[in-house]
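Inspection log for the structure reproduced underneath, given as structure tokens.
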Amino acid sequence: MTVVEERPAPPAAPPPRRPNRLWALLRNSWRQLTSMRTALVLLFLLAVAAIPGSIFPQRAVDSQRVTEYYAAHPKLAPVLERLGGFEVYASPWFASIYLLLFTSLIGCVIPRLLDHIRSLRLAPPDAPKRLDRLPQSAPAVESSKTPAELAAMLRKRRFRVKLREHDDGSVTVSAEKGHLKETGNLIFHFALLAVLIGVGFGHWYGWHGNRILVAGADQGFCNSLAQYDDSTLGPRVTAADLPNFCLTLNNFEASYQPDTGQPKGFEATVGVTEDDGPVQTRDFTVNDPLRLHHANVHLIGHGYAVTVRYTDRYGESQTKTVPFLPVDGMFTSEGVAQFPDVNIDPKTNKRDATLQMGFEGRYLPTVGTGATSTYPAENAPALFLTAYRGDLGLDVGTPGSVYSLDQGQIETGDLKNISGERPHELKVGETWTLDDGSKLEFVGTRPYATLAIRYDPTQSLILVGAVLGLIGLMLSLGGHRRRVWFRALPASPDSSGGTLLAAGGLPRTDYPGFTDEFASLVKAAEEGNP
Amino acid sequence: MAELSNQLMAVTVLAYLAAMVLYAGEYAFGAKSRVGRAAVLPARELVGAGAPVPDDLPPAPVLVVSNSKRAEWVGRAAVGFNVLALLLHLGTLVTRGIAADRMPWGNMYEYILSATFVGSAVWAGVLLRRPALRHIGLFVSLALVLLLGADGMIAYTPVGPLVPALQSYWFIIHVSTIILASGILLIGAVPAAMFLIRDGYDRGKRRFPYTLGKSLPDATLLERLTFRLHAFAFPLFTFGALIAGPIWAEASWGRYWNWDPKEVWAFISWVVYAGYLHARATPSVKRTVATWIAILGFATMLMNLFGVNLFFSGLHSYANAGGM
């Protein structure tokens with residue numbers, strides 16, 4: 001993928017045998033694919049193909065926003081869906097670009113690796129006949145240094161050196177330096193391959209899930225698929241592979257700026273049981289996840305869960321704690337409490353689907369003058385609810401949101417608003433008596449933490465790959481391959497053992513500093529000048 | 001202190017503006033420039049037309065000398081103002097940091113303020129080592145005035161504390177290396193554009209942007225400077241965006257790479273700059289083509305700096321104009 005360096009022409013190719021057109025086509029396509037021009041085009045395509053992922057919501061990033069996009073653009077969304085617009089980075093066209101690019105990369109770096117190994121083992125080539133034709137050269141001067149001393153001087157400067165004696169009595173010193181540039185370049189490209197493979201394996205063997213964990217021992221969570229709000233397992237992971245641990249949120253602290261309500265800090269305290277061991281108490285927060293064996297627990301959000309007690313017309317009561325989702329930075333939160341199994345006549349013991357209860361509304365941690373909260377902490381909390389009676393539509397079996405009532409049931413009239421247009425306000429401890437004598441009590445709230453639980457087995461490997469790649473990149477960009485030759489001729493017989501030294505230098509990459517380096521080498525070589 | 005920072009910011013822009021005007025003055029009156037010569041030539045004709053003047057008294061060279069001397073002083077004044085602007089720029093950043101009691105990198109306004117400072121400091125370094133490049137100061141200061149102006153107008157945010165998501169030592173590592181890299185890459189686009197103009201001029205193009213090429217430094221020099229700035233900034237950018245960023249992302253969001261709009265555009269910039277380095281290392285690709293790729297990279301950086309913050313929302317949204 002980089003410079004094809006000039007090297008001695010390979011021995012003349014054997015005369016072509018019977019041309020095989022298919023073979024020729026394959027060979028030419030392969031050459032085309034591994035050419036620099038193709039690689040550049042593929043790089044450019046990769047950059048262009050990545051753009052849609054920043055424009056359209058991505059399901060892997062935020063599936064909620066994809067749903068919103070569907071609602072906002074009902075015509076365009078299905079088309080985009082078919083084109084992979086919501087899963088750009090998993091789409092076949094994106095994959096085809098990077099797989100082609102990496103194939104091109106392999107086709108380029110493997111031959112280069114072999115070449116490089118060969119050139120590492122080769123001695124620097126002999127000096128050209130006319131040193132003065134090289135980009136850098138110095139005319140012959142007398143010097144008292146012997147070729148062996150020259151070689152030692154060059155070796156000290158970390159050149160690879162080869163001495164050659166010739167029939168005409170001259171000795172050439174060939175020196176070469178800067179193989180690290182190509183080494184670094186190869187390391188960089190192989191590290192990229194390693195990262196790609198690591199990402200692939202991480203995708204296969206990793207898993208993740210999200211879960212809202214409400215404070216309290218009765219609200220604990222154990223790591224099994226059924227207990228997640230949503231989860232994704234890699235193709236090579238089964239539910240049985242998940243590590244065994246349980247969490248209970250013992251405490252959640254959030255602090256805010258007194259004037260603006262901007263968050264200052266969070267702290268979650270959990271009780272952890274791993275592999276049925278003893279309970280440990282651990283703290284974690286944003287930027288400082290809870291690291292368990294083969295799982296990391298990240299704090300990605302928080303909110304309030306509302307506890308309400310509904311006492312039905314027959315005097316039976318049920319208590320529910322339901323998380324309300326914050327809709328703004330001041331934690332105005334929306335949610336619903338549903339009671340499908342209430343108002344059961346104790347005489348018949350039969351459930352009446354028209355008497356199920358649902359309460360939908362908002363929770364404001366600090367009530368101001370408007371319909372939204374004015375501060376994220378619970379300074380003046382209140383619950384604003386609308387009561388619905390009828391069929392909640394939960395028995396149909398289609399999964400719906402647990403944060404709002406089934407709008408379809410309300411539209412068909414199966415679920416009726418029985419409390420009027422204005423939501424009823426409840427303070428903590430207050431009880432609301434409904435038209436049929438049943439009661440709803442606002443018991444209180446508990447904090448909850450939104451947790452992202454993930455495991456990616458290859459991420460440390462990827463980090464190692466990335467760091468190696470960076471090192472290779474720096475070597476590759478900072479290094480310079482260059483060759484220097486000295487030719488020593490025996491000086492005239494009357495002088496005392498001195499030599500006539502001529503020098504030449506060839507930078508093999510663009511290297512403006514070579515002039516200075518060459519000059520200093522020549523100076524060092526001539527130091528013994530009589 | 002926040003107020004002082006805002007005032008310093010305004011003065012900084014004015015100082016860059018003054019430096020720009022002076023660079024432009026040197027550009028116009030310098031002996032090398034077209035304008036300078038054009039100004040000299042009619043003078044000779046005027047003298048010739050007014051009275052019979054002996055041929056052995058050529059007024060033009062005298063004028064050129066005085067012109068270039070004046071231009072030299074104007075140029076030095078420009079550098080002076082440039083350095084003054086750099087110091088004021090530093091002052092703006094420091095006072096901003098003191099006012100907020102943290103590193104001034106918490107939002108888009110502060111980010112651009114820092115990135116342009118890095119660019120300006122790198123330019124000052126280049127100026128120190130290669131005074132011959134002073135002629136492109138006009139375009140450097142123009143770029144700085146435009147970026148800072150856009151920053152102050154579009155992205156201004158009052159001083160505020162950091163949201164908890166940013167309270168991590170990776171904040172300093174990740175953001176500082178990216179600011180450093182983007183500053184250098186942003187300033188690297190100036191010699192890139194100048195090279196394209198100069199090269200076009202050398203190849204005989206005489207349409208508008210190429211006419212500027214006449215008084216620009218040697219094309220090879222500009223091209224080499226472009227490459228060295230990019231080759232220096234690219235590993236920094238790699239570290240900041242593709243190593244430090246993912247490490248922090250893993251600790252903060254659980255995933256080292258989230259395809260967040262900001263990450264997508266950083267990836268795009270990285271790919272484009274990688275393309276530039278490859279193109280430049282390939283003898284069969286013309287240097288002008290390679291340099292155009294660098295300019296494209298600059299465009300993607302600008303998109304990431306302004307476009308992503310203003311049009312898209314994502315995990316990096318606390319960098320938004322307006323704070324949170």
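Cβ coordinates are placed from backbone N, Cα and C, and glycine is handled just like the others.
Summarising model confidence by region, the domain 'Cytochrome c assembly protein' (B:105-316) averages a pLDDT of 89. The domain 'Cytochrome c assembly protein' feature in TrEMBL is assigned to B:105-316.
What TrEMBL records for B:6-24 (among others) is transmembrane segment. When Cβ-Cβ distances below 8 Å are used as the criterion, the transmembrane segment (B:6-24) is approached by residues 74-75, 77-79, 81-82, 84-85, 88-89, 91-92, 95, 113, 120, 134-135, 137-138, 141-142, 144-145, 148-149, 152 of the same chain, each at least six residues removed from its ends.
For B:77-99 (among others), the entry in TrEMBL reads transmembrane segment.
TrEMBL lists B:111-129 (among others) with the feature transmembrane segment. Remote same-chain partners of the transmembrane segment (B:111-129), defined as residues 6 or more beyond its termini with a Cβ less than 8 Å from a stretch Cβ, comprise 9, 16, 79, 82-83, 85-86, 89-90, 92-93, 96, 104-105, 137, 140, 143-144, 147-148, 150-151, 155, 175, 179-180, 182-184, 186-187, 190, 225, 229, 305, 319.
Residues or ranges marked as transmembrane segment in TrEMBL: B:136-157 (among others).
The transmembrane segment annotation in TrEMBL covers B:169-197 (among others).
Taken from TrEMBL, the feature transmembrane segment applies to B:229-249 (among others).
Sequence annotations record features per position, and here TrEMBL assigns transmembrane segment to B:264-282 (among others). Same-chain residues lying 6+ beyond the ends of the transmembrane segment (B:264-282) with a Cβ under 8 Å from its Cβ atoms: 185, 227, 230-231, 234, 237-238, 241-242, 245, 289-291, 293-294, 296-297, 300-301, 303-304, 307-308.
As annotated by TrEMBL, transmembrane segment applies to B:289-312 (among others).
Beyond the ends of the transmembrane segment (B:229-249), by six or more residues, the same chain brings 122, 168, 170-171, 173-178, 180-182, 184-185, 187-188, 191, 255-258, 263, 266-267, 269-270, 273-274, 276-277, 294, 297 to within a C-beta distance below 8 angstroms of the stretch.
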